[in-house]
Amino acid sequence: MQKIGIYPGTFDPVTNGHIDIIHRSSELFEKLIVAVAHSSAKNPMFSLDERLKMIQLATKSFKNVECVAFEGLLANLAKEYHCKVLVRGLRVVSDFEYELQMGYANKSLNHELETLYFMPTLQNAFISSSIVRSIIAHKGDASHLVPKEIYPLISKA
């Protein structure tokens, strides 16, 4: 059976920090599913289709990465793909508190599921999608924070 990991997120928009985690985690799995969440509760700036297109463009050079959109429980998506490992990023202490709760919740729904946490590299530690959204909303230049393939798409927002 293939070793499969799932890296879920809203990716609104995808950042260099996300790509760094995709790069590092894709080396640990035969297949990495990047799962773009519907996340209507977060009121995303970009539509699900736009976010999926952006992540596909940004990951096209990764041979073992597949990008999918999903709605519903992540634990169910993991079962669908026969995945036993979730990949998550931790930038700050508050991320850990949230991710720990989510990890326990996912484990309670799917007992085979483990969560693997990645700390960002130093140059990406401060980057978040919300910072990028704020910069582009104020007509600033966020090109150094996102993959070059997607900057033309987000700079029009």
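Heads up, the Cβ atoms here are built off N, Cα and C, so glycines get one too.
Annotated features, as they stand in Swiss-Prot:
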- THR10, PHE11, HIS18, GLY89, LEU90, ARG91, GLU99, ASN124, ALA125, PHE126, ILE127, SER128, SER129, SER130: ATP binding site (BINDING)
- THR10, LYS42, LEU74, ARG88: substrate binding site (BINDING)
- HIS18: site 'Transition state stabilizer' (SITE)
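Annotated features taken from Swiss-Prot, shown on the structure.
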| residue | record | Cβ contacts under 8 Å, 6 or more apart |
| --- | --- | --- |
| THR10 | ATP binding site | VAL36, ALA37, SER39, LYS42, PRO44, ARG51, SER129 |
| HIS18 | ATP binding site | GLY9, PHE11, ILE55, ALA58, GLY89 |
| LEU74 | substrate binding site | ILE6, PRO8, ALA35, ALA37, LEU86, ASN106 |
| ARG88 | substrate binding site | TYR7, PRO8, GLU99, MET102, GLY103, THR115, LEU116, TYR117, PHE118 |
| LEU90 | ATP binding site | PHE96, GLU99, TYR117, PHE118, MET119, PRO120 |
| ALA125 | ATP binding site | GLY17, ARG91, MET119 |
| ILE127 | ATP binding site | THR15, ASN16, GLY17, PRO120, LEU145 |
*Under DSSP, is ARG88 (substrate binding site) helix, strand or coil?*
strand
*State, in Å as a whole number, the widest CA to CA span among the ATP-binding residues THR10, PHE11, HIS18, GLY89, LEU90, ARG91, GLU99, ASN124, ALA125, PHE126, ILE127, SER128, SER129, SER130 given in the record.*
19
*Indicate whether HIS18 (ATP binding site) is helix, strand or coil by DSSP.*
helix
*asked:* Validating a neighbour-count step here. Other CB atoms within 10 A of the CB of SER129 (ATP binding site): how many?
replied: 23
